[in-house]
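Notes to accompany the following structure.
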Amino acid sequence: MRALSVSALLLLALGCCWGTQDNFLDEDVVEPVIQASKYGSLWPLPQKVQISDVPLKLSGTTFEFTDAKGSTAGASCSVLQNAYRRYFDYIFGGPKKQKMSRNRRSGPTEVTELQVSITSPDSQCDGYPGVTSDESYELSVDAPVAVLKAPTVWGALHGLETFSQLVYEDKYGAKTINSTKVSDFPRFAHRGILLDSSRHFLPIKVLLANLETMAMNKFNVFHWHIVDDQSFPYLSRTFPQLSQKGAYHPYTHVYTPADVKMVIEFARLRGIRVIPEFDTPGHTQSWGKGQMDLLTPCFSGAAPSGTFGPVNPILNTTYDFMSRFFKEVSSVFPDGYVHLGGDEVDFSCWKSNPDIKKFMDEQGFGQDYSKLESFYIQKLLDIVTTTKKGYIIWQEVFDNGVKLKPDTVVHVWMGSGSDAEMNKVTTAGYTTILSAPWYLDYISYAQDWQKYYKVEPLNFNAETRHTYPRLEGQPGTIPERDGKNYLGRVPDPAVLSLVPEPYLLRPGLAEPLQGRPAGF
Amino acid sequence: MKVMRAVNTKQCVPIIYALLQLIIFYGGRNVVTGVWPLPHALTVFPERYPLNPRTFYFDYGRHSATQQGCSVLDAAFRRYLWIIFPDYTAENGQFAANNSFNLHISTDHNDCENYPNEDSSERYNLSVSAGQASLNAATVWGILRGLETFSQLVYQDEHGSYFVNKTYIEDFPRFQFRGVLLDTSRHYLPVYAILKTLDAMSYSKFNVLHWHIVDDPSFPYQSRSFPNLSNKGAFHPETHIYTQSDARRVISYARMRGIRVLPEFDSPGHTRSWGKGQSDLLTPCYKGGAPSGAFGPVNPALQSTYRFMTALFKEVSSVFPDSYIHLGGDEVDFSCWRSNPHVRVFMQKMGFGGDFPKLEAFYVENLVNITSALNKTSIVWQDVFDYHERRSALSVVEVWKHGCYLCKVRQVTKAGLRVILASPWYLDLPGPTHNWARYYTVWPLAFPGSEKQKKLVIGGEVCMWGEYVDATNLFPKLWPRASAAAERLWSDEKQTSSVERASPRLEDFRCKLLRRGIQAGPLYVGHCKHEYQGV
């Protein structure tokens, strides 16, 4: 997924002939008509929302969040209690003042309470969000009591976010909310953001602030591309020399076990999964600094050149190392998935190495180095399987024909032909995550959000429509398998194909999704 | 000069590999990473001296024209003490060295209470030896530049101890005018963002803040004489304006850093926001035989327009002490003037026929006369030069259009007018930070012309237009890319023609900016010892 590095180098090379690569400007950008929306600024737009014209008041002195009677989550549910405090802050701009005129008479049009009710027997208060988590919620705002119902705390978190977005100030500055009904659930189960902490180190503070913002946008996966060629900031308990030697700085530019724990818990409290990526066999230059014999020595003629290539796939020690390393990773990161990378493997170093040539002959791989790559990935997948984790891999691994478990998630990133790739991957029956249109690190200009907005993930020419509900990393749903739809919300595929955006209203903005030509 | 569309400039200038006179010693672990922008003559020796923040003193030389009580320098000493010793707090005193170190300051003139101007000398000499350094300059402005250089010479070893190497420097700017344009009309920039930009400018030795204060979208300048302009024309009449005291604060903050504040009140185009608070100022556009309700540029056919402009510029010239005023004059759309019957009648009366550039020239010349009467030198965008027949009425022209901008520079200087070059430094246009090389490999004097013509190029300017820029992204967009232009405008071109040689120095300088709290964007993969900690 590194096309940028290549283009960046290209740009550097062209640096002296400036002006010639200036054509970043997108001429097609539409200047949107900005008009007030009667839906406030709910973002992302809920599946169903009805906002009445009836304004109700809220006051920081009387308003409170409460656990509804019969809710399966109570005062001991830290996810909810933390969220109450957070959202009180967002709405009223400060912490709740205790015991302030609780007796004050509230008017008939005042909302004094948001009752939160978790309805399923397992509220998941003490658990982690996962790919099968039910994130749905129903919100009804009325005076004096507003009600938020959700099967799990994860849905309730989204409901609290929506509630906070409904509150606005009237012209006198009084907190106001209109009587409203919302029924909401996510279209896709995996809604992620990738951050790269290897090319530049990102301070913990920045990671946390980003999680906060993700929650406001109802994102639910932090894909932590934690290490890469440039640096290895993950402090491993089992192999501390990896960051000791491979980080930009062994103390100031590392993520300690306590840091990682903090990120995971901060994310959990916001309903966000943390999926770590430890990309191999390529993108591993920084691993080699702290772990001898892990990388392949490259040869120049008959002698080692002193440089190193991808992970050495022909040594048993490599697999011993990976077993111990991923055992640690699987215990540190609670999520059910780990991202194994597998992208952009450069074969030239393997080709230069006589031991690898010999191994290729023994294995009968001939000159086909993608077979060697598959050999490595296969062994790696077996290792990770023993840790009871599911895995995500970049699309090349699938393209190279590595044998994958049926619940493998294939991550589509290559910019060109991503529609065809989505088609191929889903036809083969794999779940998939789409990133190709959302490489935000690319240089763009002006109202570039419009092009990220106009993306329609299901717009590829699927041969088999029944694969639709399995998109975007919903392996756990697998409604076809046992006939039961866990989410209970993915519309019948046939309907989906007729109505691409069920219930989806887009007030306010020009309606970019309607009448859009296919294959944007 | 607002949004420029992509232009394919065939501007392939071969990189001249000149030997840097910068001498970098890698003696043991102490690495002198250098100064940005590069001084004209710099010699660094391997011998290094420890510095201790508790026993480090600034003092005035016995023969110095300035002495204690000089507002500009006293404040600069306080500022630079913290910049030189970023870890220093009153409590932590475990710095090894106990040797005292004195930085002797000496100036020829006492201009402590003045404003920097277009003739101010910024030349300085700095020599660092054991236990002391002497910094000499004609003016306090030269001392400010020298203090900045000194602060960049000091470094810390891995234990946090401070050192400076034995050093000799003779330095002066290549161009007199080294500007940064901020646009506060398309987005309002809070005063603190402007002040912080001034800080960052002083680190790169910029000396002019070109304040493009008003434009079509909003009029945030609160005028004493015409308060309705911002009451009606600002994004918000109280929260999104610059009061008189805000303007004074910016000017005085800039003065303390040796920076001039050049205000721009662009007309007759780019004035939509003016019309909200000043009726009959803009030209009513006509559709068929009747006013369409829309308005165009300033109405050049009315006497009241010139009375208004005289009063406004009288105020502006009293608020902004600099001797330059920017009158804009760019991108005037003639269609509204053409539609208006009164304007057409006026043109007949003046004998302009159907030649609207003549009307515009008439308008601008009136404004130039108004500002000359106020003893101000006016700057105009190149458009004015292009349509003006009587070019002798003009004085400074800012070249901003892409294409062969050096052709334009040549043309303007041939006409005997002064030039400020902005074309190659439109930093608001897209470009990754590592593409700073395009701002570095600019050769402002590489046009055929006489020495006299070359002297008329008084400098250049980095433009940060505000369509997609506000306080959230201003700093990473400006820095360190603007610093690339800063070196071109300050340093000797032969010594600084290689991007490869500049690259590690600029990376190091970017880390210095982070350490000083400026959110400068990364050039490429890598790290700084002290990463940016804001969010």
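Cβ atoms are placed via backbone N, Cα and C, with glycine included.
Small disclaimer: the values here were computed from a predicted structure and weren't measured.
Feature list (source: TrEMBL):
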TRANSMEM  B:12-28  transmembrane segment
DOMAIN    B:35-153  domain 'Beta-hexosaminidase eukaryotic type N-terminal'
DISULFID  B:Cys70-B:Cys112  disulfide bond
DOMAIN    B:175-492  domain 'Glycoside hydrolase family 20 catalytic'
DISULFID  B:Cys285-B:Cys336  disulfide bond
ACT_SITE  B:Glu331  active site, proton donor
DISULFID  B:Cys511-B:Cys528  disulfide bond
The domain 'Beta-hexosaminidase eukaryotic type N-terminal' (B:35-153), counted residue by residue under DSSP: helix, strand, coil: 31 helix, 35 strand, 53 coil
Assigned conformation of the residue listed as 'active site, proton donor' - DSSP reduced to three states: coil
The residue listed as 'active site, proton donor' versus B:Cys511 (disulfide bond) - Cα distance in angstrom: 39
DSSP three-state assignment (helix, strand or coil) for B:Cys336 (disulfide bond): helix
Distance [Cα-Cα, Å, rounded] between B:Cys112 (disulfide bond) and B:Cys336 (disulfide bond): 50
Which of B:Cys112, B:Cys511, all disulfide-bonded residues, has a Cβ with the fewest other Cβ atoms inside 10 Å: B:Cys112
Candidate nearest B:Cys528 (disulfide bond) in space, where candidates are the recorded positions B:Cys70, B:Glu331, B:Cys336 and distance is Cα-Cα: B:Cys70
Cα-proximity to B:Cys70 (disulfide bond), 10 Å cut-off, over recorded positions B:Cys285, B:Glu331, B:Cys336: none
Overall pLDDT for the domain 'Glycoside hydrolase family 20 catalytic' (B:175-492), taken as the rounded mean: 96
Collapsed DSSP category at B:Cys511 (disulfide bond): helix
B:Cys528 (disulfide bond) in three-state DSSP notation: coil
Cα distance (Å, whole number) from B:Cys285 (disulfide bond) to B:Glu331 (active site, proton donor): 17
Close in space, distant in sequence - B:Cys285 (disulfide bond), Cβ under 8 Å, 6 or more apart: B:Pro291, B:Ser292, B:Ala294, B:Phe295, B:Gly296, B:Ser335, B:Cys336, B:Ser339, B:Asn340
